[in-house]
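*Asks:* One structure coming up, written as structure tokens, with questions to follow.
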Amino acid sequence: MSLIDLKDIKAGYGATPILNGVNMAIDASDIGVIVGPNGAGKSTTLKAIFGLLNVMDGTITFDGRDTTRLEADRLVPMGLSFVPQEHNVFTSMTVHENLEMGAFIRRDDISGTLDEVYEMFPDLKAKRRQPAGELSGGQRQMVAMGRALMSKPKLLMLDEPSAGLSPRYMMEIFEQVVKINAAGVGILMVEQNARQALAFATKGFVLANGQNRFTGTGQELLDDPDVAKSFLGG
Amino acid sequence: MNAMTTRYIAAFIALFVLIVGVGMMMGSAFTVRLLVEAFAFALIAMGLNIQWGFGGLFNFGILGMLMVGGFAVTFISYPVNMEFWGSEGPLYLGRTLLGMAIGAVLIFFAHRVQRFGITGKGRGAVIVIAWFIAYVIFRSQMDPAASYITSTAGWVGGLGLPVLLGWAFGGVLAGLMGWLIGKVSLGLRADYLAIATIGIAEILRAVLKNLEWLTRGTLTVSPIPWPVWTPQIYQANGADTTTSFILARGGFLAVVVVIVLIALFLIHRAYLGPWGRMNRAIRDNYIAAGSMGKDVTGRQLEIFVFGSVLMGIGGAILVSFVGIYDPSSYQPINHTFIIWVMLIVGGAGNNFGALFGGIFIYIVWMLSEPLAQALFNALSRFSSDMGWGAIPDIASRAVQMRVFVMGLVVTIALRFAPQGLLPEVIRRKE
Amino acid sequence: MNDLIFFFNQAIIGGVVLGSIYALGAVGVTLIFGILRFAHFAHGDMMTLGGFISFVLAGIVAGLGIAFPLPIGFIVVPFAMLIAAGLALGIDKGFYAPLRARGAKPVTLLIASIGVTMMIQGLIRLFFGVGTYSFFDTQPKVLHRIELPFEGVTRPISFSEPQLLLVISTIIAVVALHYFLTRSRLGKGMRAMADNPDLAKVSGINTKLVVRVTWIIAGALACLAGTMLALDVSLKPDLAFNIVLPIFAAAILGGLGHAYGAIAGGFVLGFAETLAVFNWSVLLRPFRDNLPEWFEIPNTLSLVQSEYKLTVAFVILVVVLLVRPTGIFKGAST
């Protein structure tokens with residue numbers, strides 16, 4: 001049984017669904033990458049999982065429990081974490097406080113996890129007393145990921161973590177994603193830089209018009225001529 | 001006949017039955033008085049409906065508009081004060097005007113100092129200094145003028161012109177005020193706009209209350225003439241007291257109802273026409289409307305002014321009817337918040353809702369007091385019978401019940417009928 | 001020197017006292033705005049209500065006949081604050097939470113708060129009438145006079161005990177709030193939610209709990225401000241209704257949603273009001289002989305007449321709204 005299982009998800013903001021039956025399964029050992037054209041429902045899938053919008057049909061099972069109708073404040077304690085694409089740091093709070101907010105649901109000692117995050121992103125340790133709003137885009141992305149890791153998630157969901165970043169930061173973020181996964185955290189991410197992301201994905205999903213178009217390992221998708229032609233720019 | 005039409009008919013029949021009931025309980029003279037005021041408030045609620053219902057513009061400064069309207073009718077229709085015109089008062093006021101003009105010129109040029117190469121902080125400083133100097137010049141002329149007028153003639157008096165002209169002027173003056181307020185604050189978000197309008201209204205209130213030379217301030221002005229025969233004239237012609245009141249107030253009511261109907265007709269036509277459609281488009285999505293090339297700020301200013309005009313006329317009517325202009329009698333609860341209750345309960349966005357809400361809520365407001373008094377008297381009898389003693393100060397407490405009732409009514413309406421009793425009709429274009 | 005002390009007594013002490021009241025009120029307004037995104041208009045009436053709760057408690061305590069070295073109204077304030085916090089929670093649950101659950105716009109909540117204003121006002125007057133009450137019927141109001149040890153100085157620095165207690169409790173409240181917001185988990189959660197409500201939710205912060213804590217703090221501070229204001233002047237049903245606008249002015253001046261800005265804004269407005277009506281010719285008189293011949297010191301030389309004291313706050317409010325709606329201090333409040 002997978003860590004998370006999406007079965008025929010139909011979801012959207014109003015009455016008209018954006019997702020018309022999405023299926024996905026991710027294990028704790030997996031790095032899942034969702035790619036596809038704009039408006040395909042990539043981000044919507046993550047938001048539907050995280051209870052941020054209305055799921056009309058289908059079921060979501062996380063860690064053996066039905067979480068279809070649960071909202072964020074119940075999902076985080078169960079081991080789900082989400083890094084939104086934009087506005088993903090508390091700009092008026094320091095880096096350190098941002099990380100503490102990620103651990104809001106925890107009542108135990110968080111210093112160990114803090115050390116791990118600072119070890120993972122040494123840049124942040126030096127800036128931990130600075131308001132997150134003063135950091136560069138790449139550093140903000142690190143704060144956002146660090147915040148999401150502070151709750152010790154089983155599954156980390158990232159919405160376009162490399163958007164707007166320089167290649168150097170993109171590579172660093174991807175490296176960290178692989179490391180986090182190696183430590184036993186499942187990953188599900190949406191990526192625009194599809195080729196780079198699929199290169200290390202154990203599971204790749206191509207979405208179009210709110211439905212799965214292709215599913216396979218990252219390498220399979222990269223090798224598939226149809227996928228390459230339609231979705232990876234030839 | 002659809003459900004909505006039935007609801008309209010039912011609502012207005014119920015209102016009519018309520019009025020007849022009140023008439024039988026409280027007597028005709030009281031009921032006619034109640035109706036005059038209720039229609040005036042309905043006119044004001046229609047003004048707010050234009051601003052909030054059509055335009056989505058928040059106005060918490062209704063009180064200021066009513067005060068301005070009341071001042072206008074006082075100034076236009078009150079008899080001329082010869083003592084003032086015979087004194088040096090006008091000369092003093094002329095000097096004050098000159099001082100204001102000089103100040104205005106100063107400020108005008110201060111805002112244009114960048115032409116002389118002064119920009120940024122320097123320009124800001126120049127502007128602040130110019131305002132300060134203008135203020136000092138104004139005060140140096142105004143203070144002696146005010147104390148001269150109050151000590152010699154008392155106040156400037158009125159112009160002795162017809163009352164209806166005064167009502168019209170009330171609309172004009174309030175419209176002007178609405179233009180000023182709108183000009184400076186319409187860019188603000190709703191909650192900021194609310195605070196800004198209430199702040200400006202409070203400034204207006206403080207000014208009108210303390211301008212003794214212009215408004216007599218706390219000394220109040222009375223009697224303010226009526227546009228129709230007063231009870232005194234009927235009495236002089238041989239009518240007994242009750243009949244004279246009913247006849248005089250009935251005449252007044254007729255004038256007010258005609259004005260309300262004309263306003264309703266005009267607003268409703270405008271609402272159904274392209275002007276109303278554009279305004280609804282702006283209200284529902286001003287960003288989209290703006291990007292389609294509509295002049296959003298211009299339209300909003302127009303709406304704010306039109307609404308203010310109705311409020312000013314309503315305020316003028318109320319002052320004429322009561323016959324006394326007392327700037328300190330204006331209170332946010334009685335002159336701003338209650339209008340909101342009327343519109344929310346009646347149905348924002350619907351002219352008939354505003355009309356219905358205005359009349360209905362005013363009747364509830366006025367009846368809450370005697371009803372509460374009766375309730376308290378009954379309770380008091382019960383508690384004295386039980387040996388717990390009577391409730392003290394029933395009369396003064398009962399007045400307060402109506403404020404509580406209004407608060408309860410609006411919160412209940414917001415929770416259970418947020419569209420109001422007569423909701424806005426959404427017409428789908430086929 | 002005597003004139004300077006007069007200035008100190010009138011303008012500085014007056015400004016600090018008024019500023020403390022405004023600051024305590026504005027903090028509540030700004031916290032509610034930061035968390036719930038609406039202008040809570042009934043805040044002034046929550047202050048009045050708090051004053052009356054203290055008054056009733058003080059009456060009960062005075063009835064017990066225990067003597068205290070401090071005003072009884074002040075002794076009972078912590079208990080009154082507890083009750084007021086509970087009432088604030090109840091008001092939210094009864095009137096605002098259902099609207100939020102429906103997804104109503106902030107403006108709707110603002111109108112609802114007008115309804116709450118009217119209900120509180122009506123109820124207070126129903127029970128207490130329209131009269132004025134004093135906390136000092138059973139004990140005297142202590143006046144402090146500090147004689148200065150300088151030659152030729154006859155006028156003492158003077159202030160009342162309630163004023164001193166007000167300033168002390170404001171300092172305590174502000175420091176406590178500071179530690180709460182920067183040190184405690186819930187306080188930081190509150191700041192996080194004010195900063196970015198969506199991300200706060202995503203982080204698993206219990207937003208409903210944060211909302212409750214916000215009402216508890218706002219209600220308690222409103223009660224403190226109302227009681228201290230009533231101790232300083234007197235208790236009236238329309239006590240705070242008249243200062244709700246200056247409080248909003250202070251909160252906007254400091255940037256809505258910013259607690260420290262609200263405190264600073266409160267003091268700025270408090271001083272602005274007292275300095276604007278202060279008669280500056282008092283300070284000029286000692287220099288009578290040094291001034292040029294043509295300059296005659298007028299009897300009253302204040303920026304505005306004292307009738308317009310409250311208007312100063314509104315004018316500042318309107319100017320701030322027009323020139324810099326985000327407040328004079330750093331920060332954007334969206």
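Even glycines carry a Cβ here, placed using N, Cα and C.
I grabbed these lines from TrEMBL:
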TRANSMEM  B:7-26  transmembrane segment
TRANSMEM  B:32-50  transmembrane segment
TRANSMEM  B:57-80  transmembrane segment
TRANSMEM  B:92-110  transmembrane segment
TRANSMEM  B:122-138  transmembrane segment
TRANSMEM  B:158-180  transmembrane segment
TRANSMEM  B:246-267  transmembrane segment
TRANSMEM  B:303-325  transmembrane segment
TRANSMEM  B:337-365  transmembrane segment
TRANSMEM  B:403-422  transmembrane segment
*Asks:* Any chance you could find the range in B:158-180, B:246-267, B:303-325, B:337-365, B:403-422 with the most Cβ pairs under 8 Å to the transmembrane segment (B:32-50)?
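*Replies:* Most contacts with the transmembrane segment (B:32-50): B:337-365.
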*Asks:* So, taking each listed stretch (B:57-80, B:122-138, B:246-267) in turn and counting its Cβ pairs to the transmembrane segment (B:337-365) that are under 8 angstroms, which one gives the highest count?
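*Replies:* The stretch I would name here is B:246-267.
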*Asks:* Give me the stretch from B:57-80, B:158-180, B:403-422 with the greatest number of Cβ pairs under 8 Å to the transmembrane segment (B:7-26).
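*Replies:* Comparing B:57-80, B:158-180, B:403-422: B:403-422 has the most Cβ pairs near the transmembrane segment (B:7-26).
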*Asks:* Establish whether the number of Cβ pairs under 8 Å between the transmembrane segment (B:57-80) and the transmembrane segment (B:158-180) reaches at least three, counting only pairs separated by 6 or more residues.
*Replies:* yes
